[in-house]
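So that you can see what the record holds, here are the features copied from TrEMBL:
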type	residues	note
COMPBIAS	252-263	compositional bias 'Basic and acidic residues'
COMPBIAS	291-302	compositional bias 'Low complexity'
COMPBIAS	321-333	compositional bias 'Basic residues'
COMPBIAS	408-418	compositional bias 'Polar residues'
DOMAIN	159-193	domain 'SWIM-type'
REGION	231-263	region 'Disordered'
REGION	279-333	region 'Disordered'
REGION	408-430	region 'Disordered'
């Protein structure tokens with residue numbers, strides 16, 4: 001378990017940017033005095049926060065307790081994570097195809113790495129030289145005291161380190177951990193007019209790097225050219241359908257910042273594509289007038305419940321100025337549901353009786369207070385609207401149903417219950 005995974009587990013109970021920074025300061029401490037100082041600073045940020053961190057094995061995540069034989073002071077597992085991202089494409093394929101594609105990628109990488117080593121200006125790795133040059137800059141701020149032999153006292157900040165130049169050891173342990181001269185060792189070698197770059201470990205030199213990639217991967221023919229085996233064929237296991245979609249992305253820790261895939265649009269200036277002016281688009285452009293349209297009176301459907309939203313656009317009053325012909329103006333075929341009397345400007349009157357085949361009709365002005373005598377429906381006594389006699393929706397529905405039953409009974413010769421009792425359907429009340 002590397003430092004990043006320990007941080008993910010530890011930060012579940014102790015969150016915050018400042019606490020995260022102090023954790024990395026503790027993890028990058030190369031000697032115990034520096035580690036104790038950073039732990040004390042971290043303990044002031046919360047009760048029990050330092051004790052919870054010390055419970056983890058310090059030899060796994062803190063440089064101050066690392067072994068020095070490997071000459072690697074990496075505290076996380078980013079190298080393995082980078083390799084997993086490098087083989088992300090072949091990783092989801094079958095086993096033989098996956099191995100073949102990884103083999104080709106590794107074979108190409110070996111040749112590219114050898115070609116990269118030939119571009120080095122000196123015999124040391126470019127990444128190692130970046131760290132070395134950083135330590136050279138730090139060495140200019142160190143004060144040196146020499147004992148006349150190969151021992152030095154180097155003061156940097158509040159810490160006074162001891163340097164054994166013969167054994168290439170420093171009390172900061174940075175030289176032993178990484179194999180690259182620390183700032184204190186560079187200051188001591190400059191005091192004796194020595195070349196500090198010669199003290200860099202052999203693991204960072206060109207000869208060692210080329211030995212790493214000295215074994216070449218040989219090319220292999222494709223599967224169509226492979227010889228057939230006489231051994232029993234290994235069949236794949238039976239496919240089992242698991243519930244849900246298999247996850248592909250890594251589970252992110254709490255508080256982990258997501259990698260930005262797209263640039264944010266915050267701070268950008270909107271420019272119109274018509275007039276080329278700023279702070280508006282073509283939808284609100286004054287040079288792009290919208291055509292005037294008359295909204296069609298409609299009623300929302302309540303007969304059946306369907307999933308989703310029945311979105312439709314307003315239909316234009318013009319019959320010839322549409323782009324999609326007669327179906328322009330809406331996406332779904334609307335339904336008119338409910339009872340009511342609709343009167344047009346020209347005097348046309350229609351009634352909606354809540355039929356399943358009702359469709360939207362563009363009739364212009366809608367009025368619900370029209371006298372209902374012309375449709376064989378009597379208004380309710382005492383009910384008026386805007387000074388005119390009116391009928392309720394419930395009464396209109398009852399009368400419509402009764403007339404429909406009466407019409408069917410006449411055709412089939414069957415009397416309705418109201419006719420058997422001697423009552424008129426039009427006089428029925430709700």
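Cβ coordinates come from backbone N, Cα and C, glycine included.
It should be emphasised that the depicted structure is a prediction, and the values quoted were computed from it without experimental measurement.
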Average pLDDT across the domain 'SWIM-type' (159-193), rounded to a whole number: 93
Positions on the same chain near the domain 'SWIM-type' (159-193), where near means CB under 8 A and six or more residues out: 30-31, 33-34, 63-64, 66, 68, 71-73, 128, 131-132, 135-136, 138-140, 142, 144, 146, 150-153, 199-201, 203-204
Number of helical, extended and coil residues in the domain 'SWIM-type' (159-193), per DSSP: 14 helix, 8 strand, 13 coil
